[in-house]
Amino acid sequence: RVGVSLWPQSCDIAPDWLWPLPQSFTSSTERYPLNPKAFYFGYGRQSAAQQDCSVLDAAFKRYFSLIFPDYTSGSVSAGQASLNAETVWGALRGLETFSQLVYQDDFGTYFVNKTEIDDFPRFQFRGILLDTSRHYLPVQAILKTLDAMAYSKFNVFHWHIVDDPSFPYQSRTFPDLSSTGAFHPMTHIYTQSDVRRVISHARLWGIRVLPEFDSPGHTQSWGKGQSDLLTPCYRGSTPSGTFGPVNPVLPSTYQFMARLFKEVSSVFPDSYIHLGGDEVDFSCWKSNPDVRAFMQKMGFGGDFTKLEAFYMEKIVNITSALKKTSIVWQDVFDYHERIPKDTVLHIWKGTPASYKEELSRMTKAGMRVLLAAPWYINHIAYGQDWRNYYTVQPLNFSGTEEQKKLVIGGEVCMWGEYVDATNLTPRLWPRASAAAERLWSDEKQTSSVDEAFPRLQDFRCKLVRRGIRAEPLHVGHCKHEYQGV
């Protein structure tokens, strides 16, 4: 929860709009000139955080240059603003809000209007997924995305780091995974130091890094560096030379996974880990005589969803033993798998009618849920498709108040089939910001797309001025246009 109060002196025009909209907000036409030479951030006497708090010290430096991009001299004034927050992360969000309140007149003088704000997020999990397997994203592109995420108050970076096409994560325990599974073993990998850099940059912006190592499907690239991990597919009674999902019948599979996840859980400090579990193609398992024999032995008959359930339950147990909470895609729930009650389910499929039904079913079972289905932002359409992302109602499903509390948030997904560092930023922003407001702000106060439009246009111009190549929403201009690379 964040509170911002400002006490100014003279009167004039109201400031530009804020994005995402605060929970409660009053502003007047009184305005207060700011002088960059006399302006500073300080810690209140009562504050539990004081100088040498790395998160806030770094934020004060960052936000000074975001608030005063031109650093021209303004008029000096006495007066102060106070920001009260329960946590340093709340203080970061309040600094972002304050930075959006400051504006310039035509002469370059900075002003802020008398304002009182009380704010808190509607949902605790506000995520963005980047896929670094289908195309490699240089570390710089990821860091730039983290900056832009903080401007929209996103707080989770879901790093879908590996998948079928490539395995760019350089593992200490299994270096062959990236040396044979990455697009290139030297240029298209994330070293341990790259990963640490992403995590530490994210932390300073108040963003958690959630790693995803998806299995048993989506693992073709894993097989290049780990023999016997994937299931050999058969044509009749002979191996066809191709491979399917992870082989769930070998003890060596689980020994490998236990060692890999032990490393991953020490490299990524977040208490959550995403285990995937989606889109498993059963045809290779069906073709393999060893798998079929295992199915008979276990009494699974011909039901391969039971085999997937067997596999996922063992993987979830591995991460539970490492004191991590698992997040899995919805397929795991749909196949009636026995997973711990604290596992978070991630909805990615379906029309509004079907994901609402899924929300009801999952929360009725007492499970916590994340919603991603309506925010697959890699799907593009001509015109203003941000309006569709804005009008999503995450809690509009049949269920009790207790059920609604189990929806912990949502996520914007940018899958990488057609996205790399050349087009990531304009494809993501400001479209993702529409979802950001839905996840942060009060739904009743933000129900009108038409009212949101000029505010989002203004916010898009703020992003552009901050060096984020956010694409235009419609015809128009920004006072400070993007100046090129």
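From the backbone N, Cα and C atoms, a Cβ is placed for every residue, glycine too.
Taken verbatim from TrEMBL:
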- 79-101: domain 'Beta-hexosaminidase eukaryotic type N-terminal' (DOMAIN)
- 123-442: domain 'Glycoside hydrolase family 20 catalytic' (DOMAIN)
- Glu279: active site, proton donor (ACT_SITE)
Structural state census, the domain 'Beta-hexosaminidase eukaryotic type N-terminal' (79-101) (DSSP three-state): 14 helix, 5 strand, 4 coil
Under 8 Å by Cβ from the residue listed as 'active site, proton donor', counting only residues of that chain that are 6 or more apart: Gly217, His218, Asp331
The domain 'Beta-hexosaminidase eukaryotic type N-terminal' (79-101) [mean pLDDT, rounded to integer]: 92
